[in-house]
Amino acid sequence: MTVPQLEDEVENLTAVVVVDDSNSVEKPNLKGDWLNFFLLLLLYTMQGIPFGLASAMPIILQSNKNVSYNDQALFSLVAWPDSLKLIWAPLVDSLYVQKMGRRKSWLIPVQYLMGACFIYMASNIDEWLPETRKPDILKLVSVFFFTNFLASTLDIVVDGWSLTMLKKNNVGYASTCNSTGLVMGMMMSYLFFVLLTSEDFSNKYLRISPEKDNRLEDDHVKLNIIQNYSLLWDILKLPSIQILALTLLTARIGFAATDSLAVLKLIDAGVPKENIMVINTTILVVKITVPLVVAKYTSGPKPLNIYLTATTIRLLWNISFVVFIYYTPKLITMNGFVNIPEYYYVLLVFILSIHKILPNIMAVSTLSFFSRISDSRFGGTYMTLLNTLLNLGGAWSSSVAIGMVDVLTFKQCSLDNQNNCSTANLKNMCNTNEGDCVVIVNAYYVETTVCTIFGIVWFCIFRIILKNFQTKGPSYWLVNIRRPSSFSYGLLTGDLKLLVLVPVTVLKYEKTRF
């Protein structure tokens, strides 16, 4: 066998890669990999802090009576960088300083920028988020959008690094680090940003009186920016990726109303936001341990089985939330005053616990599947593509669910059936006559019904597709696969192997002769 000749022009180069097409997975074993495991966990924890701040803001805003659901829909845009990061993921994979390293070139400056954003936020938060008047939604959206942009950039870096930081048989644990670390970071930001800044919480609870190895920098194929975007386009043209994209973009519609509106409706009904945040913080502790418990199942060859099981439970949980929210005003109100009994909080903790834990389990399963099918040579771009599709599915469905609340809510003045309270003038007219604008059609119940029906249809259609995806070998997810001839197959040690061509993105051999 002669040694192949390399062409001089890199941009026209393509490499011949030998890929094991078997679907067998060596048993995971973290011996010798614990330090890398904890480093990855720390990186994801740091990444979760800004996401936690952004996810806490809708609850804080909802307690301000000057904030409308249109304002909430506008603020929901801060989640979009996590869904649009695919746009700049090839840049992160292509541009870096050789002396610093492929990952640290982005990791370090982005962390400094994020710290500067936090300092700027802290010095202006009283002005942007006053207690007695309408918050400055546009400034809040701008600064949280930018911090989420930085956090999403970190996600690109760490996701790509996770594919090579751990041994190949332990790559499934990357999803455990992802889910646990993000929750830990979010818990810290919840605690300090919401609870410790709450006067009621402080008065009630706080005041006495009112080893690294060479896998850390992965061996990769050096690509320029144009080649990375070309690679991205080649991946998107794969039929398997196109089907997976459709699956991910529609997967969260079934839960959109419950995920986006349920907690806000509880606050509207009179449940104090501080109490909900205390419960959420407690649940976050549970969420940290859940990925560790399910890791032995999600790190196996078929992690999506757990995802599908959790999907059915989560769809049923939509109904539980509808019933609970419907009866909440009756359960917490006595003689016209809010007086929440202890048994209500027991029910609330139970329902919110299931509501928070199920998505966490589904996320671990999905990310484990992504880690198995992504090509580690350009893992940042590949993992970001899959995560972007997943996050975009959640972002657009959540924004639509919140934005449609005012459209699907119908009210009527208690003193005038002809007054539908659809404008500020009509509301004032009703209030002037000592009437109330009574909700006759609640958008939450309409949206939850529609979303649940869609979720059931989605499950029936995509269940078999997702199960089949788990049986496919690595070659199913790589670009331009060419099956070897029977002669070359015999030279590849008798195992089931493939010759994989990656066009326009890697190094191209002028010719290969056996």
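Each residue, glycine too, has its Cβ placed from N, Cα and C.
Automatic prediction, not curation, is the source of TrEMBL annotations.
It should be emphasised that the depicted structure is a prediction, and the values quoted were computed from it without experimental measurement.
Annotated transmembrane segment per TrEMBL: 37-61 (among others), in sequence order.
Look at TrEMBL and you will find 106-125 (among others) tagged as transmembrane segment. When Cβ-Cβ distances below 8 Å are used as the criterion, the transmembrane segment (106-125) is approached by residues 43, 46, 50, 92, 96, 100, 139, 143, 146-147, 150-151, 153-154, 156-158 of the same chain, each at least six residues removed from its ends.
Per TrEMBL, transmembrane segment is recorded for 137-158 (among others). Cβ atoms under 8 Å from those of the transmembrane segment (137-158) belong to residues 40, 43-44, 46-47, 49-51, 53-54, 57, 67, 71, 74-75, 77-82, 84-85, 88-89, 92-93, 103, 106-107, 110-111, 113-114, 117-118, 120-121, 124, 128-129, 380, 383-384, 387 of the same chain, restricted to positions at least 6 beyond its ends.
The feature transmembrane segment is assigned by TrEMBL to 178-197 (among others).
Positions annotated as transmembrane segment by TrEMBL: 243-264 (among others). Within its own chain, the transmembrane segment (243-264) is flanked in space by residues 58-59, 62, 72, 76, 236, 276, 311, 314-315, 317-318, 321, 325, 352, 355, 359, 386, 389-390, 392-394, 396-398, 400-402, 405, 444, 447-448, 450-452, 454-456, 458-459, 462, 465-466, 469, which lie at least six positions past its ends and keep a Cβ under 8 Å from the stretch.
The feature transmembrane segment is assigned by TrEMBL to 276-294 (among others).
The transmembrane segment feature in TrEMBL is assigned to 306-327 (among others).
Listed as Cβ neighbours of the transmembrane segment (343-370) (distance under 8 Å, sequence separation of 6 or more from its ends, same chain) are residues 172, 174-176, 178-179, 183, 255, 258-259, 262-263, 266, 271, 275-276, 279-280, 282-284, 286-287, 290-291, 294-295, 298-299, 303-307, 310-311, 313-314, 317, 320-321, 324, 328, 331-332, 383, 386-387, 390, 469-470. The feature transmembrane segment is assigned by TrEMBL to 343-370 (among others).
Under the heading transmembrane segment, TrEMBL lists 382-405 (among others).
Residues or ranges marked as transmembrane segment by TrEMBL: 443-466 (among others).
Per TrEMBL, the feature transmembrane segment maps to 487-507 (among others).
By the Cβ criterion (under 8 Å, sequence separation of 6 or more), the transmembrane segment (443-466) is in contact with the transmembrane segment (306-327), since 3+ such pairs are found.
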